[in-house]
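Notes to accompany the following structure.
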Amino acid sequence: MALTNNKHVLDWVDEMIALTKPDQVVWIDGSEEQLDDLRRQAEETKEMIKLNQEKLPGCYLHRTAVNDVARVEHRTFICSRKEENAGPTNNWMDPKEAYDKLGKLFDGSMKGRTAYIIPYSMGPIGSPFSKAGVEITDSIYVVLNMAIMTRMGKEVFTALGDSNDFVRGLHSKAQLDEENRYICHFPEDNTIWSINSGYGGNVLLGKKCFALRIASYQGKQEGWMAEHMLILGLENPQGEVKYIAAAFPSACGKTNLAMLIPPEVYKKQGYKVWCVGDDIAWLRIGPDGRLWAVNPENGFFGVAPGTNEKSNPNALASTRQGTIFTNVVHNLDDNTVWWEGLDKNPPKNALNWKGEKWDPASGEKGAHPNSRFTAPAKNCPCISPKFDSSEGVPISAIVFGGRRAKTAPLVYQSRDWENGVFVGSIMASETTAAATGAVGVVRRDPMAMLPFCGYHMGDYWAHWIEMGKKLGDKAPKIFNVNWFRTDDEGHFIWPGFGDNMRVLDWIIKRCEGKADADETPIGFVPKAEDINLEGLDFSVEQLKDILSVDKELWKAETQGIEEFYGKFGDRLPQELRNQLNTLKAKLN
Ligand code: GTP
Ligand code: MN
Ligand code: MN
């Protein structure tokens with residue numbers, strides 16, 4: 001039975017059901033009874049494996065098809081009416097063509113299956129930040145993941161009332177046919193169509209598809225921002241909490257920083273870090289004129305390999321109950337899970353991520369490098385008391401960062417908001433030798449939004465500049481960090497992880513006007529004595545080395561920026577063109 005009288009929802013659901021032709025339609029009310037029933041069904045069909053309920057209560061394992069293990073950027077399209085509005089960084093498809101092409105693929109794609117209608121909210125239900133979505137899917141795995149990643153259930157319809165303001169998401173596994181896999185976004189229609197995939201980033205439509213691609217477009221229209229950012233709260237010994245939002249590209253450490261455990265010297269003074277979000281932030285100007293943020297998600301969809309008791313104990317603790325693991329190793333001895341980098345004891349009697357008998361001595365990886373956990377946020381030991389707050393948290397600092405072997409210093413502060421937008425727009429990561437064999441190939445990833453911006457990147461930068469004008473002197477300060485400077489042998493110099501607290505400490509001091517800095521052509525760099533090295537085996541010389549700004553490297557960098565900016569033609573805001581010219585002048 002339908003869970004709403006909302007005519008817009010009912011009409012759209014009818015239309016999609018007529019198209020996809022499922023045998024049955026089930027409305028998801030969010031109750032534990034219904035979810036339990038779905039878990040039982042998924043267990044029976046082997047879609048999910050119930051794990052050891054003493055060691056991992058409420059946890060399940062799922063394996064995707066072997067050719068369906070990651071987001072597919074080349075099959076992801078922004079279907080704006082005008083091609084120019086998708087911009088040079090997105091794939092574009094004409095919306096008419098996309099509806100037509102995918103319509104044919106969706107036609108009868110759910111025959112023999114059940115369609116699940118999922119009402120969900122991105123952001124706490126009832127918060128002025130929040131937005132409703134409805135996803136129709138033929139995958140129980142999607143329903144159970146959405147139950148962790150979003151606030152899901154019939155209350156969402158109550159909050160929606162008879163409004164038309166919800167995002168329409170249609171997903172079908174169809175035949176899981178790689179050749180016909182498409183993830184299409186129709187920003188002008190608040191619509192997402194995803195077909196032939198079963199992988200998280202392509203099918204949990206509330207996450208990247210809605211909360212970043214569609215929401216970034218909505219934010220531009222409505223005067224707010226959807227960003228690929230973690231949000232953390234830093235509590236000082238007096239109990240005051242300052243909030244930081246940070247954008248790093250995928251695999252550059254957002255989940256790690258969001259759940260940071262401060263080093264002993266800080267802990268014993270009473271410093272604490274609180275996690276508000278590890279991947280996405282929605283930012284609005286509050287009644288007080290400051291920038292406020294909420295995490296629209298309700299769980300963590302984190303990379304499993306490398307997560308362990310040392311690297312990220314809070315993330316690991318979050319996965320100990322109510323979690324769905326995807327594409328990790330199945331330990332048959334005690335019916336638990338394992339992945340590379342969890343510990344030094346790979347299970348002897350085990351199946352790899354493909355479900356094949358696996359011998360750790362074979363040298364083959366047991367877990368897929370992009371294997372993931374879907375864990376409830378409330379499991380996280382350092383989850384912020386403000387996690388569910390409907391007004392969000394006030395942001396003091398915005399931090400950008402990427403992987404740069406030599407160019408970017410450990411940390412620097414932009415001169416002002418506009419200069420900060422420039423710093424975000426030139427964000428980049430280098431491929432490491434270990435990863436590809438090619439050293440120093442620079443991939444520009446402005447604001448870590450390259451794969452996620454739902455409209456023209458030049459207009460997106462203009463929106464950032466506009467937000468700064470509205471915020472005026474209440475704007476957060478903008479910084480850039482780089483945990484990844486390497487020595488001549490390619491080793492990371494900065495210890496990173498928990499010790500990144502020392503850098504956050506400087507950032508907050510700068511926001512409070514309590515720390516000095518040296519001005520360089522790129523912005524303000526800390527004085528070495530202002531970064532607290534107490535309790536750390538790290539010399540002031542090493543610190544000076546990673547704080548250094550090499551003018552020759554930066555001159556070369558300006559050429560790369562020039563080339564990149566060239567793509568955006570006259571949609572590149574004049575302010576950024578001016579910023580680049582200023583940087584060039586300062587370097588000469
Ligand atoms: P998505 O969830 O895909 O958006 O990415 P993410 O930004 O959350 O990246 P994630 O935390 O999964 O990236 C982790 C990778 O960064 C792992 O390889 C970590 O070892 C590495 N990493 C995280 N923090 C640090 C650090 O401070 N120093 C160094 N050297 N590596 C780090
Ligand atoms: Mn991400
Ligand atoms: Mn992450």
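All positions are counted from 1 along the displayed chain.
Here the Cβ of each residue, glycine as well, is placed from N, Cα and C on the backbone.
Automatic, uncurated: that is what TrEMBL annotation is.
Quick look at what TrEMBL annotates:
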ACT_SITE  CYS252  active site
BINDING   ARG71, TYR199, GLY200, GLY201, SER250, ASN370, SER371, ARG372  substrate binding site
BINDING   LYS208, HIS228, ASP279  Mn(2+) binding site
BINDING   ALA251, CYS252, GLY253, LYS254, THR255, ASN256, ARG372, ARG403, PHE497, GLY498, ASP499, ASN500  GTP binding site
COILED    28-55  coiled coil
DOMAIN    11-219  domain 'Phosphoenolpyruvate carboxykinase GTP-utilising N-terminal'
DOMAIN    224-585  domain 'Phosphoenolpyruvate carboxykinase C-terminal P-loop'
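Structure coloured by features recorded in TrEMBL.
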| residue | record | CB count, 10 Å |
| --- | --- | --- |
| TYR199 | substrate binding site | 22 |
| GLY201 | substrate binding site | 20 |
| LYS208 | Mn(2+) binding site | 25 |
| HIS228 | Mn(2+) binding site | 25 |
| SER250 | substrate binding site | 19 |
| THR255 | GTP binding site | 22 |
| ASP279 | Mn(2+) binding site | 26 |
| SER371 | substrate binding site | 23 |
| PHE497 | GTP binding site | 17 |
| ASP499 | GTP binding site | 19 |
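Around the Cβ of ALA251 (GTP binding site), 14 further Cβ atoms fall within 10 Å across all displayed protein chains. A strand conformation is recorded for ARG372 (substrate binding site) in the three-state DSSP classification. Spacing of ALA251 (GTP binding site) relative to ARG372 (substrate binding site) is 12 Å (Cα to Cα, whole number). In this structure, none of the binding-site residues ARG71, ALA251, THR255 sits close to ligand 2 with a C-beta under 6 angstroms from any of its atoms.
Closest in space to SER371 (substrate binding site), of the recorded positions given as HIS228, CYS252, ASP499, is CYS252, taking the CA atom of each residue. A Cβ distance below 6 Å to any atom of ligand 3 is met, among the binding-site residues ARG71, GLY253, THR255, ASP279, ASN370, ARG372, by THR255, ASP279. Checking the recorded positions GLY201, LYS208, CYS252, GLY253, ASP499 against ligand 1, the ones with a C-beta less than 6 Å from an atom of that molecule are CYS252, GLY253. Summarising the environment of CYS252 (active site), the number of other Cβ atoms within 10 Å of its Cβ, over all protein chains shown, is 20.
The secondary structure of PHE497 (GTP binding site), as reduced to three states from DSSP, is helical. Using Cα positions, the member of the binding-site residues TYR199, GLY253, ASN370 nearest to ASP279 (Mn(2+) binding site) is identified as GLY253. Of all the binding-site residues listed here (GLY200, GLY253), it is GLY253 whose C-beta has the fewest other C-beta atoms within 10 angstroms. Among the residues ALA251, CYS252, GLY253, LYS254, THR255, ASN256, ARG372, ARG403, PHE497, GLY498, ASP499, ASN500 said to bind GTP, no two Cα atoms are farther apart than 25 Å. Neighbour count (other Cβ atoms within 10 Å of the Cβ, all protein chains): 20 for ASN370 (substrate binding site).
A Cβ within 8 Å of the Cβ centre of ARG71, TYR199, GLY200, GLY201, SER250, ASN370, SER371, ARG372, the residues given for substrate, is found for these other residues of the same chain: VAL69, ALA70, PHE301, VAL303, THR326.
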